[in-house]
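Going by TrEMBL, these are the annotated features:
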type	residues	note
BINDING	CYS424, CYS428, CYS451, HIS457, HIS460, CYS463, CYS483, HIS486	Zn(2+) binding site
COMPBIAS	363-375	compositional bias 'Polar residues'
COMPBIAS	376-385	compositional bias 'Acidic residues'
DOMAIN	419-496	domain 'Recombination activating protein 2 PHD'
REGION	362-385	region 'Disordered'
Amino acid sequence: MPSENMSLQMVTVSNNIALIQPGFSLMNFDGQVFFFGQKGWPKRSCPTGVFHLDVKHNHVKLKPTIFSKDSCYLPPLRYPATCTFKGNLESEKHQYIIHGGKTPNNELSDKIYVMSIVCKNNKRVTFRCTEKDFVGDVPEARYGHSINVVYSRGKSMGVLFGGRSYMPSTHRTTEKWNSVADCLPHVFLVDFEFGCATSYILPELQDGLSFHVSIAKNDTIYILGGHSLANNIRPANLYRIRVDLPLGSPAVNCTVLPGGISVSSAILTQTNKDEFVIVGGYQLENQKRMICNIISLEDNKIEIREMETPDWTPDIKHSKIWFGSNMGNGTVFLGIPGDNKQVVSEAFYFYTLKCAEDDTNEEQTTFTNSQTSTEDPGDSTPFEDSEEFCFSAEANSFDGDDEFDTYNEDDEEDESETGYWITCCPTCDVDINTWVPFYSTELNKPAMIYCSHGDGHWVHAQCMDLAERTLIHLSAGSNKYYCNEHVEIARALHTPQRVLPLKKPPMKSLRKKGSGKILTPAKKSFLRRLFD
């Protein structure tokens, strides 16, 4: 049962707190917490972009992790949909499904990744990440959506719903290049075993809701709350979606239930087998929802009721935005903006909120998942539920050496020097205030390419007069590129000097007179030196 007196505790992040921004995810592998979706591309200190979130005595450290050699590349996706999944093999007992999200270039992903642990000891965890290819009704790239796994008749299926995506290219203009729209209210069934996806249109689902709460149990998913961008409303809807998986085609049906609540970007944590707690979120565009609710699932019924709220701190009460998600075992991770009035202030402050005792069954997260969201002040309009991310973790830590593989913040590059808004050449006219998209691959920042001259430097593709086809070709390959200023220098360095061929004596001069036999290699060498 949820605790009558929920405990709120502030936590500190000791290293590289700048990586923890709205949009990241936490994943829980057997009680160990892992951070995914850093702000910016991974650096050399942690090329995988995945960290062990080591929490001890309300103190957090980020420790880099590694991927196996047979893993695919996993970009640092922010606001993806994630859920746990049980495979048939022992090595697939605990996996995470990751779909969608934004890259640091503000592009949306339509890929599905599967993450699992292949090696673990008390100091280091090695992950394997594989990309799944699908055919059929493949869901479009999106964020702010949910993905869950249902189990029916001994089979499993992924269920994807909601989210936002960029407007179709035919409707995008320079002024509205980054405009997003609700995805169509279709329900996608994703078969992870056979690699196919099927779209279903259910008449009960009229709006493409984003930043909703989703709970999956057995063959049923409950969709609660959410935000409709088209109507700018948070309908108090509650949907129950059931998926039957017989030998033939799956059967999907939806029922509208009473008793829903109006909320978006809420955080869901599980307190026991059949009970959950909803924390946070927004009830209006510029008003946080400070009420907490208990959700009970028993006998295929759902009940939602209010519960006693935590003792919120003044900072939390007065902050305009907040974000966070489930850490497992009835614990929620919360973040609020720092105090800008202070001379030295962190970007965000973080708290943990315990809603239950620590003896929660670890199997509970296997069949459940929630989708939560938050603001991203850098990418969205004020107070809009614009971004999504998921957490599912327990605040335990390794027992190894505290100094092992800690993240080195000094290795991060200074974005003021290496960012997009630089003067890359004498004729560069790319300015943050006047720049407009030039290539179809650009969104809110100009395309750049790396010149390999000397220590290397970034240049704008537009300033180098690169055709879009050439830009895509160079970006996809591993060939070196040299900008207009350095291409002649590079050619001179890479063009070998002309060397006259060595004169070799004829073979007959190396033969012993009168014998016709070839001399030994040692005698050949001696005779060559003699002739020279």
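These residue numbers are counts, starting from 1, taken along the chain as shown.
Keep in mind that glycine also has a Cβ here, set from the backbone N, Cα and C atoms.
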Give the sequence-ordered set of same-chain residues, not counting CYS424, CYS428, CYS451, HIS457, HIS460, CYS463, CYS483, HIS486, with Cβ within 8 Å of the centre of the Cβ atoms defining the Zn(2+) site. CYS425, ILE449, TRP458, VAL459, MET464, ASN484, GLU485
Determine the most Cβ-crowded residue among the binding-site residues HIS457, HIS460, HIS486, using a 10 Å radius around each Cβ and all protein chains in the structure. HIS460
Counting all other Cβ atoms within 10 Å across every protein chain shown, which of the binding-site residues CYS428, CYS451 scores highest? CYS451
Whole-number mean pLDDT, the domain 'Recombination activating protein 2 PHD' (419-496), equals 79
